[in-house]
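Everything below concerns the one structure shown next.
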Amino acid sequence: MGEVTVTNVTEYQAIAKQKLPKMIYDYYASGAEDEWTLQENREAFARILFRPRILIDVSKIDMTANVLGFKLSMPIMIAPSAMQKMAHPDGEYATARAASAAGTIMTLSSWATSSVEEVASTGPGIRFFQLYVYKNRKVVEQLVRRAEKAGFKAIALTVDTPRLGRREADIKNRFVLPPNLTLKNFEGLDLGKMDQANDSGLASYVAGQIDRTLSWKDVKWLQTITTLPILVKGVITGEDARLAVENGAAGIIVSNHGARQLDYVPATISALEEVVQGAAGRLPVFLDGGVRRGTDVFKALALGAAGVFIGRPVVFSLAAAGEAGVSNVLKMLKDEFELTMALSGCSSLADITRNHVVTEAEKLGVMPSRL
């Protein structure tokens, strides 16, 4: 390639912007309303500083992580992002292969342009399935059954979307799923009376079918129809973390939906500690949102996360270079994280402690000194 070597994750965004039609780039890149949270998801990481420990043997670094009993090469996983074939013809196939090759987990969006069966056909790999709860519970059951049958290992239930957030770029661009693509997980499902929705109409139909009555009782109901562990995705308060524990969740993904839902919620890295304290060690807490560097991964783990999920870096690198792009993002993050561990004096994930970072609140003297 005649292009300049990509040396960090963020550089893929500019390449994607250049390559993709405006409507598609904007769909992936934009956030809700003023996009304050979109910016804050990144900026909040920059306000956390390191307290590296020196003269510690870091000749061997072990980054292996355990997620719901699965052993991963690193605590960096792929978040669910919708309609990946808009980014690249290989779409979710490429993402699945890259995740599997890197020894990590891919979460497939239920609004994917490839089905659970198609993704499973790419070969072995640990995969989670993201789920929205629809008004028609039979549709939900069919989706869960298909994911189970295709060998998916967990359900990531998105709970921050009783209604879709207001993404003004999509309104301006009159966003529609390109005519050659379809939401493959809904093909062949019995959608009830709305079966006649055509492909381009399917996306808006499906979005309109999200159940606004969704509550904790439905999280309980989900446990009656599947034995798969349920990760609750979209928790950003300690109160809801406690409720997640009480209602049998297997884990929490601290997420603000890539800042695409409610604007002016805190960055996920800022909400993380409160959620971790609410969960009180009774279930693993993961962070989704704004991770672009190995240093970000380390900061999340120091503040109590068991791992992180990346979203936009996947679709941008996919747009730029297909499977190789996604593989490169995972490799760069892993290499940077390994370096951060070494320079902080940590040779395994268990060595990463709260004392390795200092947050804004502590710098301002809001929190008691740790000494």
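Using the three backbone atoms N, Cα and C, a Cβ is placed for every residue, glycine included.
Curation does not apply to TrEMBL; its annotations are automatic.
Per TrEMBL, the features are:
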DOMAIN    1-362  domain 'FMN hydroxy acid dehydrogenase'
BINDING   Tyr27, Tyr132, Arg167, His257, Arg260  glyoxylate binding site
BINDING   80-82, Ser109, Gln130, Thr158, Lys233, Ser255, 288-292, 311-312  FMN binding site
ACT_SITE  His257  active site, proton acceptor
Which Cβ among the binding-site residues (Arg167, His257) has the fewest C-beta neighbours inside 10 Å? Arg167
Run through Gln130, Lys233, Asp288, Arg312 for me and report the binding-site residues whose CA is within 10 Å of the CA of His257 (glyoxylate binding site), in sequence order. Lys233, Asp288
Proximal residue to Arg312 (FMN binding site) among binding-site residues Tyr27, Tyr132, Arg167 (C-alpha distance): Tyr27
Please work out the number of neighbouring Cβ atoms within 10 Å of the Cβ of Tyr27 (glyoxylate binding site), leaving out its own Cβ. 23
Give the distance between the Cα atoms of Arg167 (glyoxylate binding site) and Ala82 (FMN binding site), rounded to the nearest whole Å. 15
Give me the CA-CA distance between Asp288 (FMN binding site) and Arg260 (glyoxylate binding site), in Å, as a whole number. 13
Within the domain 'FMN hydroxy acid dehydrogenase' (1-362), what mean pLDDT does the predicted structure show? 94
I'd like the Cβ neighbour count for Arg260 (glyoxylate binding site), meaning other Cβ atoms within 10 Å of its Cβ, all protein chains included. 23
Could you check the binding-site residues Pro80, Gly290 and say which one's CB has the fewest neighbouring CB atoms inside 10 Å? Pro80
Separation of alpha carbons, Tyr132 (glyoxylate binding site) and Pro80 (FMN binding site) (Å): 12
